[in-house]
Amino acid sequence: MRGVRFTAALGLVLLIGLTLLFVTGLLSYAAYNPDLASVNDKTPDRGWLGFYLFDWPTHPYWLYRLTQGFHVTVGVALIPVVLAKLWSVIPRFFALPPVTSLAHALERLSLVLLVGGALFEFVTGVLNIQLDYLFPGSFYRLHFYGAWVFFGGFVAHAALKMPKVLRVIRSGELRSGAAEPGAGAVPGAGPDSGPGPGARVGASFADDDLASPAPAAPTVSRRGAFALVGVGSLFMLLTTAGRSIDGPLRRTALLAPHGWENPGDGPNGFQINKTAASVGVRAVDTTDTWRLTVSGPAGDVRLSRAQLLAMAQHTSELPIACVEGWSTSNQSWRGVRLRDLAALAGFPAGPPGVFVESLQPSGAFRSGALRDNQVRDGRSLLALRVNGADLSLDHGFPARIIVPAAPGVLNTKWVAKLTFGAV
Amino acid sequence: MRTSEPGGPARRYRALLGSPFQIVLLLATLAFAGYVGVRLLKGDTFLIVVWFVGAALVHDLVLLPLYSAADRTVTAALGRVRKAAPSARGAGQTGLSGHDPWAGRRLVNFVRVPAFLSLLLLLVWFPLITGRVRRYEPYAGLSSEGFLERWLLVTAALFVCSALCLVTRALLRRRATKGRPSASH
C-alpha cells in the first residue's frame, strides 16, 4: 500500500493545492491594502515579503469572497490529503542511519520547515476560523510568516522530489498502479515473488524505500486508498462550502463556523463577524445624538443620520466576505456614496483615500483605511439601510462602510468619522 | 588532471557531502527561512518554536501511531472473527467463490471509512464540538450549542450507511452462492 506511487500522486495534488492556498493567502494580505496605512497592516516588518503588493481592485465585487472562500474551504478539504501524504512517508522519519551525508542532513532540516510549516499553517488556520485563539501571538503574524517559512521548504522539496515524481509519471505506474487493485497491495515484491503485476511493479521501483519490506496482508488496494482520501476530502469540502452560501444550503455546513444557521430572520438576518455587544458598542451611543464627522480640506462637517438620509441615496448589491472564509450572499445596501461624502469634504473630483474611524472603543480594525480606487467606485457606500430596513445594531447602525471586494473587517461598522486625504 | 580512483578518498569525501546541487538549494532555503524566521519568532519566541516543531512531532509521534494502532487492532480483531467462521474458511480454500483469504481483514473498511470521516470532522472542528470556544456565541451571535449533537448524528448516520452496505453485500453474496452449484460437489 505505502509506496512511492501513492506518495507521488498525493504529492502532485498537494503541489497544486498548497500552491493555490499560498497564493490565495498572499492575495488576502494584499486585499487589506497593508501598504496604505499602518492600521491595515499587522505585519509592518514584512520587509521583502510584501514585494508583490498591489492596489486591491473593486472589480469583480465578489473577488475577495472567491479568493478567501477558496483559501479556507479548499484548505479544509486538503487536510485529509496532507494527513495521507504524511502517513505515506512516515518510514522516512524513522530511517536509519538518520543522516547519510551533509546534503541529507540539510534536507532533513528543511523537512522541519516543510512539515512543521504545513501543520503550523493548518492548525493556526483551523483554530482561527473557530475563534479559538490558542496560538502564541497574533494570527496575522503567525499565519503570514509561517506561510513563507513553509513555502521555502515546499519549493526546495518540490525541486528535489520532482525527478522521482516524473519517473513515476513517465513509467505510467501512476495510472496502472492505481487501477490495479492487486498491484498496490503487493508493493516492492521481493526476488522470490513470481511473475505478475507485483513483480513488474517491484522491478521498476527497486529503490522504493517507502514501501514496507514486509507488508501486512492487504486490506485495501491503492485505488481504494486513493478513494478513501478523495472521499474524505470531498466530505470536508461539502460540509464546509455551505458557509459561503446563504439560503437552505447553509445547512450543509454542518459543523463549520458561521455555517448551519443565520443569526435570525428578516432583512438583517445574515452573518455577523462581531456583534455590537462583543466589542463594547452600546445602543445609547447610536441614538439621535450620534453625528458623523466628515473631514477634509473643507473642514469638519457634522451630519446627523437624518441629514445623511436626505442626501442622494444609492443601492449596492454586495456580499460580506470574511477573512475567516465565510461569506454572505449579496445584500441590498442603501446609503450615501463615499465619493459624494468626499465632495462634501472638499474633493469634488478625483477623491483620495479615506481614513475611517468607528465608535467601537476597542479591538483590532476599529479604524481602517480605504484607497482612492475604493472611494471612487460608485458602489462604495456609507450604508444606512440594508434589504429595505434600517441597519441593525449588530450590522453597524447608524452607518457602516460597504466596499466591493474588500475584506469584511475593512467594511467598518458604527462609523463615527471619515477623514478624506488622510491616507 | 588526475581522476580519483573508485573508493578513493575523494570519492568517500563526496559521498559524505552528497549532491552539490542539493546542498546549494537547501542552504538557500535555510537562509531564506532565517530571513522569515526572525520575523516569525518575534514575540514569544520559545512558544512559537514549540508550536512549529511540536506540530510535526505531535503528528508523527502521537497522532499517526495512535490511529495506526487503532486501525491494526480493529483489522486483527475482524480477521480473527472471520477465521473462526468455518464457512468463510471453506470458501477461501476452494478459491472458486471469488473470496480471497483476506476477506475477513477487508471487512475493516466497513469500520474504517465511517470512523475516518467522523474522526476527521472531530479533528478539524474539535474546538466547536467540544464547546471550548466561549467567544463564538457572543462574537458571531450564533448558538454554540448543537455542534456535539450534530457530530454525533453525522457519526451515527455514517455507521448506519456502512452497516446497510454490509447487509446489502451479504444478501447479494448469499443470492449469488445459492444461484450456483455448491463447490464441494
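Including glycine, each Cβ sits where the backbone N, Cα and C put it.
As recorded in TrEMBL:
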{"type": "TRANSMEM", "residues": "A:70-90", "note": "transmembrane segment"}
{"type": "TRANSMEM", "residues": "A:111-130", "note": "transmembrane segment"}
{"type": "TRANSMEM", "residues": "A:142-160", "note": "transmembrane segment"}
{"type": "REGION", "residues": "A:178-204", "note": "region 'Disordered'"}
{"type": "COMPBIAS", "residues": "A:185-199", "note": "compositional bias 'Gly residues'"}
{"type": "DOMAIN", "residues": "A:286-420", "note": "domain 'Oxidoreductase molybdopterin-binding'"}
Spatial neighbours of the transmembrane segment (A:142-160) far in sequence, C-beta under 8 Å, 6+ residues away: 15, 18-19, 22, 25-26, 29, 42-43, 46, 49, 107, 110-115, 117-118, 120-121, 124-125, 128, 135-136
Helix, strand and coil residues within the domain 'Oxidoreductase molybdopterin-binding' (A:286-420) as assigned by DSSP: 25 helix, 50 strand, 60 coil
Averaged pLDDT, computed only over the residues in the domain 'Oxidoreductase molybdopterin-binding' (A:286-420): 96
